[in-house]
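J.: Right, I'll just put the structure down here and ask away after.
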Amino acid sequence: MNSMKHVPTRVKSRRTEANLGAEREHFDKQQLSSISKAINSTETPVKEKHARRIILGTHREKGAYTFWSYALGFPLASSSILSWKFCHVLHKVLRDGHRNVLQDCMRHHSSLVEIGQLWSNLHDRYGQLVALYTKLLCTKMEFHVKHSEIPPNLEVTDEVLERTAGTDVNNVFQLTVEVFDYLDAELRLAETVMRQLNTSIAISTLTSGQCRLSPLIQVIQDCSHLYHFTVKLLFKLHSCLPADTLQGHRDRFHDQFHSLKTFFNKARDMFYFKRLIQIPKLPDSPPNFLHAASLAKHVKPVVVIPDEDEPEQQEDEDDDPEPLIEVSDSPSIQQSQPQLDIFDQAFGPPNGGFDDRDLQIESLKRDLELLRAELERVKGEAQRYITQLKSQINSLEAELEEQRAQKQRALVENEQLRMELEATRRRNAEHESVQFTFLEAEQRAQATEQRYNKLKEKHTELVSSHAELLRKSADTVKMLSATQQTQDEVERTKQQLSFEVDRIKQEADMKPSASSGFPRLSLSLSLSLSLSLCQTSEQVSSSMTSLQAEKERLMRSVSEKEAELSSLRQAAQVQQSSLLQERERSSREVGELQGKLQEKSSQEEQLKQKLLEEQFALLQGTITEAEHIVQDAVAKLDDPLHIRCTSSPDYLISRAEATLGSIDKVKKGHADYLSNMSDAGGLLRALTQFSHLAADTIINGSATAHMAPTDQADRLTENCRGCATESLQFFKDLKSKTSLQRADPASVRIVVQKILHLGQELRPKGMDVRQDELGDLVDKEMAATSAAIEEAVRRIDEMMNQARKDTSGVKLEVNERILYSCTDLMKAIRMLIIASTDLQKEIVEGGKGAASIQEFYARNSRWTEGLISAAKAVGWGATEMVESADKVVLHTGKYEELIVCSHEIAASTAQLVAASKVKADRNSKKLTSLQQASRHVNEMAANVVASTRTGQEHLEEKDTMDFSGMSLIKLRREEMESQVKLLELESSLENERLRLGELRKKHYELAGVPLEELPEGNGDASLLRHPVTMSPKPSKPAVMRKPALAQKPNLLPKTPVRAVTNRLRVVYQDVHVSYEEIRLFLSDCS
């Protein structure tokens, strides 16, 4: 019973799951149908109903997972129209889709960037639009992810915008810049679409024009909101910041305003937009942000989308989802089968059954299968190589991105340091102005102190003069009192005298009987007394008058002095009070200035400390990068791909010498940094140069070791590793402040000197001649070669005369032909020597400049040594040819010796021509004559070989092979003996070839070529598996070459071509010319 109760629930759940599965399947089919119909390569606009279904699908599944799962399968890199319509649909989905669509789209941000970069590099009209559209979409997604309060459709209120901007001016400023960039991306896309429509004379009613114009509806909607955001934010910025600071913002807004207005006017005039969107009108002039009242006049532009229902056409193809990939194999097979049946019914099977051609077809099919398997294997190997190269490319790109990031960080740090330096300079200028103000205040205080001292002296002088006047006044008062007393005494005396006179008169009247003389005497006496009294009284009165006048004058002077003294006292008091105030103010200013000075000093100390830390941080960053460079160079020593790289000892020597020079610069920069740790520029430059040169020395040392003998190669490799180890240890000492003082690159110098000595040991032994003797040696060798040719011609003439005396008939004819051809060859060589000498003089005159000929030869020592080697080879070949010709004429030598000598002379002259040609001007007439002489030498050498072989054929007697009388057993025995002899000859031939190979190895060893570069087989094998690079330019790394296939079966070696190539490589070893120039020269000779 329990099981029966649960049956309906299970059935119900199963039915629910089935319904959900069917509904999900139907939803996926509908979404696939809508996406495939909306995004295709047809140049038609995206239908609104398909885009609406896609948008509704995002709201149903609350994201864009289904959209992206189908969209990633589109070949966006193959069709620009497909990419354009994809961007259009994505723009619609971002604007009107579910809010989670933005996060789903950000996961594919890098894919959009790659699509934009791909189409930006291609010259395609839609490709340019796709590049701009992807950039717009990336900017849109980044903006809305950063400011999540603003939805992708930009429909927010002013309160939300204010809340997003916040109250911090820096945030408002940054948000304004981001809105500017957003609007720039929108306008750039719109302007490009309009320009393409104008250039292509497209009409908006055509599908090709509508395909381009349809995304501009979303652009117009975005631009209206962004314009409103910009106006609001700029008014807010102008309320917080001065107008001069925002001049750049106003200029940028004016440009965007005019571009947006032009775009709206053009779009409003197009018939396509009239029925789909109502475009707002912008004001005639942009808002005036300098007046806050202009914000009230601003009207937000509103875009209106008319509600026009599209006629929903219920078509069969709209209901059923279309497959993304059309499978056309089955119909073709079904169509081909009836055709075959009809053919068989009409004509019957060929020949009534199988024939030989069927067997051939079967065998060819098997061969085809084998070839297909081989092709698949080759493709697999090629794909593996491609994968390896792609991984290397990715690693190099990652390294490049890291370098770019480091460069960007360095630029940012440099800009920060520059700004801090500017701030420090401004603070220093303020400090200097404060110091100047302090000095002025001190000067004013000193001037006030001087005035106070002068007033004090004047006051002291006035006090002393007042005291003197007071003393004079006291003396005058004393004199006046004494005079008054004298006058009083005179008055008293006068009174007494008058009393005495009256008494005498009375007595005289009482004694009339006295003698008459007595009255006269008394009268005279009284007169004299009266006169004296009168005079005395007059004198006293005059003195009193004068004293009174003097007293009055003194009193006036005293009053004047007292008034002046009181005024001076008042002035002194005022001056003293002002001086005290000035002193107090000066003391306050001095205290403030000293505080500011101490603050500035502390700030300067902090900035100096920060500068020292930043300089040390820069030094550590540079050292880290240098360590990476050296470590990368050391890693290449063990890289299997680096084994193919080779280098020359000369180039290694030049790199080692440059490294030694950079070590000196590092040492000097280290000393300068220790003396002044605020400036690490010299040490940074020296470390950068040293790291690159040291890495170059390590890599080229390893490349040179690939060509050197085993012992020297091991020592060179170990020294390269030691150089890297010592360099890293030196870098480690520089990175630590504790070991910075004792860091010394002396150990690095020792290892680099060892590498330099090994490179000098590996140089070819032909370079032992001193460079100042090279010029004389060239002239001597050329003269010796000319003399050898003249001697050879003379001896050939003597042999000709002797042959005419001793031989006759066919032998005389053969000898004359051989000697004539040898004479012609010597004459041709002599003309070649003359042409080479003339060309050499022209090269020296054109290349020496103000230097001497000897200096030119010394400066181009490799070229000079090539000339010397070629001249020696020509002279030796001429001498050997004369000896061989003499032996042939006397029938004591072999014709093969003469043929070999001819080949050697041709090769030596080719070496001489190549050595002369390498530095010549290609338009030189003497070079043309040299080439003609070279061709003539080759022709004459061929004539010598031909005449020798012809004479050999004429003189050798060939036995007639008559086997008619031999029996079968006899013939078999002769055949076996012939085979035995043939095997003996083949064995001796192989031994001789081995001997020739050993001789050539010894020859190359004496010429300075390392044994590792020689072939392991006989002389027919390749002489140099990897040609030595004598050029100072570093060889390209092996990673950049296309890898060879692993197996190339059933390919025979091309022996003649390799032999010529080997000989040319030997010439290249001796002459230091390019391989291509020798090849062109031999093609000219042929």
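Backbone N, Cα and C define each Cβ position, glycine as well.
Pasting the relevant annotations from TrEMBL:
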{"type": "DOMAIN", "residues": "23-151", "note": "domain 'ENTH'"}
{"type": "COMPBIAS", "residues": "309-323", "note": "compositional bias 'Acidic residues'"}
{"type": "REGION", "residues": "309-336", "note": "region 'Disordered'"}
{"type": "COILED", "residues": "354-507", "note": "coiled coil"}
{"type": "REGION", "residues": "542-561", "note": "region 'Disordered'"}
{"type": "COMPBIAS", "residues": "549-561", "note": "compositional bias 'Basic and acidic residues'"}
{"type": "REGION", "residues": "576-601", "note": "region 'Disordered'"}
{"type": "COMPBIAS", "residues": "581-601", "note": "compositional bias 'Basic and acidic residues'"}
{"type": "DOMAIN", "residues": "766-1007", "note": "domain 'I/LWEQ'"}
{"type": "COILED", "residues": "966-1002", "note": "coiled coil"}
J.: Report, as numbers and ranges, every residue of the chain located at least six residues beyond the compositional bias 'Basic and acidic residues' (581-601) whose Cβ falls under 8 Å of a Cβ in that stretch; write 'none' if there are none.
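T.: Distant Cβ neighbours of the compositional bias 'Basic and acidic residues' (581-601) are 427, 430-431, 434-435, 437-438, 441-442, 444-445, 448.
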J.: On the 0 to 100 scale, where does the mean pLDDT of the domain 'ENTH' (23-151) fall?
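T.: In the predicted model, the domain 'ENTH' (23-151) has a mean pLDDT of 90.
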J.: With helix taken as DSSP H, G or I, strand as E or B and everything else coil, how many residues of the compositional bias 'Basic and acidic residues' (549-561) land in each class?
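T.: Its residues fall into 13 helix, 0 strand, 0 coil.
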J.: Give me the DSSP three-state residue breakdown of the compositional bias 'Basic and acidic residues' (581-601), ordered helix, strand, coil.
T.: 21 helix, 0 strand, 0 coil
